[in-house]
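**Student:** What TrEMBL records for this protein is below:
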- 626-636: compositional bias 'Acidic residues' (COMPBIAS)
- 613-636: region 'Disordered' (REGION)
- 16-38: transmembrane segment (TRANSMEM)
- 191-219: transmembrane segment (TRANSMEM)
- 226-250: transmembrane segment (TRANSMEM)
- 270-292: transmembrane segment (TRANSMEM)
- 313-337: transmembrane segment (TRANSMEM)
- 380-400: transmembrane segment (TRANSMEM)
- 518-539: transmembrane segment (TRANSMEM)
- 545-562: transmembrane segment (TRANSMEM)
Amino acid sequence: ELQEWRPVAYRKCTDVLWLLLFCLFWAGLMFISGYAVMAGAAERLVLGYDSFGNICGRKNTPVKGAPLSGQDMTNKKYVFFLNSCSLEMQSLKISSLSLCVSSCPQEQLNSLEDLQSFARNNGSFLCLYNLNVSSYTLNPKAAQLCPTLPVPPSKSFPLFNRCVPQNPECYSKYASMLISMVNEMDVFHRILSGILAGRATVIGLSFLALAFSFILVLAFRYIRTLLVHTLIALVVFGLLFVSGVLWWLHYDYRNDPSAELETEKENIKFLLGYAIFSTIVTVVLLFLIFALRKRLQFAVQLFRIVGKIIGRIPFLLFQPLWTFLILLVFWVFWVAVLLSLGTAGTAQSTSGGQVEYRALSGICYMAWYHFVGLIWTSEFILACQQMVIAGAVVTCYFNRNKSSPPPHPVLSSISVLFCYHLGTAVKGSFLITILRIPRIVLLYLYNILNQKKNAKCLFKCCFCWFCCQESCLRYFNQHAYTTTAINGTNFCTSAKDADCILARNPAKLASVSCSGDFLLFLGKVFVVCFTVFGGLMAFNYHRELQAWVVPLLLVGFFAYLMSHSFLSVFEVTADAMFLCFAIDMETNDGTADKPYFMDQDLLTFVSQSNKLTEGQKHRSTRPFQDNEDGTELQPM
């Protein structure tokens with residue numbers, strides 16, 4: 001039985017129970033956020049703290065049993081280790097005493113007199129707080145209360161505000177200790193340290209990726225055949241150039257005298273992995289470009305038709321920008337809460353008047369709940385963007401007068417979403433979340449069982465299976481959202497109706513969209529490729545303490561995220577247009593009684609694309625089977 005497709009003017013709320021469930025889930029997130037703010041101290045992780053529980057750069061409250069706690073450190077913003085040349089780590093804790101100081105020593109200090117002179121001239125006291133400056137040379141216990149001599153020159157480094165020694169021997173030991181500490185940390189702390197180590201470069205490259213994405217969106221809006229060939233040439237050149245640069249950097253780092261440092265060893269290992277991965281991607285893409293070269297002209301025609309729709313709804317081009325800003329605000333909030341959760345603990349004094357922070361019970365479960373909230377909420381925001389774009393496209397497609405488009409289709413689509421279909425977006429995003437969580441668990445178990453080859457192979461297979469399932473679910477979710485925008489039905493009914501019409505016309509709809517999807521993928525590769533190249537050049541000229549592997553990964557991920565967010569406008573518009581086209585052909589027959597809603601250009605394009613796919617096979621003049629009992633779709 002064929003579904004009667006009709007854009008409805010009067011709607012009802014869909015999937016209300018799922019919306020209530022999402023609200024209850026966010027109530028739990030708000031409880032965790034409030035608890036984290038009350039019990040946590042994110043400043044302790046970001047600003048750094050001394051061995052006596054004082055957070056550097058702010059006023060502190062005293063801790064019972066620790067006489068040196070509770071001091072005003074407003075002007076002392078840097079953490080200084082008393083034994084920076086012989087640091088040892090036990091259970092993620094550094095054995096050396098640490099103090100908050102106002103400045104790091106720029107020159108080597110060889111005696112207690114030098115420490116005293118540095119304190120008087122710079123106002124930075126490198127001995128324990130209870131030792132007066134005048135007693136540096138008089139107190140017989142000054143050697144135990146002051147740093148180990150000689151004190152190497154150091155400078156403040158943007159990595160948790162630590163004073164980093166510049167002496168080559170001390171630098172090497174400090175770097176080795178820091179890399180060991182980072183390797184034993186969890187993924188979140190590793191990423192955070194990478195961001196702080198190269199935050200200026202990461203921010204600059206992120207703006208570069210944003211500019212590339214916006215330029216590419218404008219280029220696709222006014223696409224021409226010459227532009228497509230230029231894009232392909234740039235992608236091929238970029239892939240070959242980046243692969244060559246990666247191999248050259250790997251060779252250069254291997255022959256560098258500082259390759260004995262742990263940071264350099266990390267960079268060499270990951271540069272080799274990057275080079276191999278980039279080379280494989282280059283070979284595969286070159287093969288695909290050669291295999292699909294005959295469909296490039298159809299890709300140009302497709303984007304001209306999509307560009308015509310976007311020309312009627314120009315505000316669709318700005319939709320990813322608002323989505324990204326909302327996601328950015330949510331991610332900042334999520335990171336702030338996670339920082340507070342990671343530092344939620346009680347301060348307890350130990351022997352010698354020092355302070356340790358012990359984690360509270362139940363924090364681990366709260367962190368997992370918070371992590372699920374990250375995935376679900378992010379997918380919900382992206383689902384709302386897809387529904388807004390699909391609703392605007394449906395409104396313009398089912399409009400008889402193409403020269404006079406409906407007023408404010410984007411605002412109308414947003415109002416329909418918020419008034420009626422938020423529950424549908426919640427349900428679709430929840431299904432994606434359900435498939436993403438097992439992937440993360442498998443990745444965690446894969447890292448634990450890294451030494452067992454049979455387990456590694458099994459986990460890789462399961463991981464790939466979940467990835468394929470997620471890709472398929474995203475494809476059907478998009479068509480379910482479009483169907484909801486047309487018929488106003490709930491998620492399950494919309495998914496079933498969309499699946500039925502796609503099952504009746506699988507080859508036809510796939511043939512007209514594969515070339516466009518491939519061209520969009522090349523656009524994403526273009527943005528990632530040139531942004532990563534900029535990152536390689538920037539990080540290569542700053543071979544300091546940090547292993548810049550993590551920042552470069554973040555730059556590549558952010559570049560792909562930005563390009564995907566902006567180019568998804570064309571992808572979602574094309575998918576919604578083809579579903580509307582299939583419904584239009586199945587419901588109407590092009591006669592005066594039941595005329596088509598589509599443009600003649602779209603009908604001609606689909607016919608030509610299908611002829612190319614089917615070769616010389618004879619085709620009927622009607623692409624889809626008639627529906628004699630169908631009802632003409634009414635304008636939105």
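Note that Cβ sites are derived from N, Cα and C of the backbone, with glycine treated the same way.
Note: TrEMBL annotation is automatic and uncurated.
Could you give the neighbours, burial and distances for every feature on this list?
**Tutor:** Sequence-distant contacts of the transmembrane segment (226-250) (same chain, at least 6 residues past either end, Cβ-Cβ under 8 Å): 219, 268, 271-272, 274-275, 278-279, 281-282, 285-286, 289, 296, 299-300, 519, 522-523, 525-526, 529-530, 532-533, 536, 540.
Tertiary neighbourhood of the transmembrane segment (313-337): same-chain residues 32-33, 36-37, 42, 217, 221, 370, 373-374, 377-378, 381-382, 384-385, 388-389, 392-393, 396, 405, 409-410, 562, 565-566, 568-569, 573, selected by CB-CB distance under 8 Å and a gap of 6+ residues from either end.
Within its own chain, the transmembrane segment (380-400) has Cβ neighbours under 8 Å at 7, 22, 309, 312-313, 316, 319-320, 323, 326-327, 330, 406, 409-410, 412-414, 416-417, 421-422, 424-426, 428-429, 477-478, 481-482, 484-486, 568-569, 572-573, 576-577, 580, 584, 597-598, 633-636, counting only residues six or more beyond its boundaries.
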